[in-house]
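What follows is a single structure, written as structure tokens, with notes after it.
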Amino acid sequence: WIMGHMVNAIYQIDEFVDLGANSIEVDVSFDDNAKPEYTYHGIPCDCRRWCTKWEYFNDFLKALRKATTPGDSKYHEKLVLVVFDLKTNSLYNYQAYDAGKKLAENLLQHYWNNGNNGGRAYIVLSIPNLAHYQLITGFKETLKNKGHPELMDKVGHDFSGNDNIDQVEKAYKKAGVTGHVWQSDGITNCIASFIRGLDRAKKAVKNRDSSNGYINKVYYWTVDKYATTREALDIGVDGIMTNYPDVIANVLNESAYKEKFRLATYDDNPWEAFKN
């Protein structure tokens, strides 16, 4: 999965997919009442990027639905996965359940079209704080209460805080999550990747490949350089988040990688660990 980073303006959906992304990451900011408000990152953000592009969240969802609904004039067949980077650090821990509830209501209405031929992309809810695990509970229970528990088949999870992998597993146990887990690892592109290294990403890959691990997929962020892309592919990640999808696409076409990797399509299950 080539994951376009910080796609917060509607026009950027086309831009990133045209550059080679089959997945996008969208920042979601919340108001004081835990309601998703804007697709907005804010300052600071990655180097060589504008941090302040934004849309109203529900407007973005409607555009995203069009981009992922077969037959629509704005449809992109290859856009199959959307990561919502949920900026919940502005919220108190007790608001996490409410944030999940309101997020589910917004997605149900504006993205899934109340279960009637809505957008088809798989969705990953990425939470920065392990203490906010109840967001998952609120999201899941709301879909169930609204009569659409089946939509959870399209939803996966990520804790993005680079916490110890054992601690992440405990948070999932508290939330009752037993699958559909993506594990992110990484650092802003402003800091050279060799300073952080790939040790934690390697641990995540090892967990994914073990018989009793909780992780289904591993992605690494934010990768803009050819050398770092190769390093991430060499340890066996499933996804790379990038500001330059064309860089990742070019590396995937190199002889060392094109036999081993290919771009994921809608038919590839994002909740299943890939077995060679």
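The backbone N, Cα and C atoms fix where each Cβ goes, and this holds for glycine too.
Mg(2+) binds E25, D27 as Swiss-Prot records it, and from the list D85, D98, D153 the residue named for this site is D85. For C190, the disulfide partner named by Swiss-Prot from the candidate list C45, C47 is C47. The disulfide-bonded residues C45, C47, C51, C190 differ in how many other CB atoms lie within 10 Å of their CB, and the one with the most is C45. Geometry remark: C190 (disulfide bond) versus C45 (disulfide bond), CA distance 9 Å. Residue pair H41 (active site, nucleophile) / C51 (disulfide bond) shows a Cα separation of 6 Å.
In this structure the C-alpha atoms belonging to H5 (active site) and C47 (disulfide bond) are separated by 12 Å. Remark: of the active-site residues H5, H41, the most isolated position is H41 (fewest other Cβ atoms within 10 Å of its Cβ).
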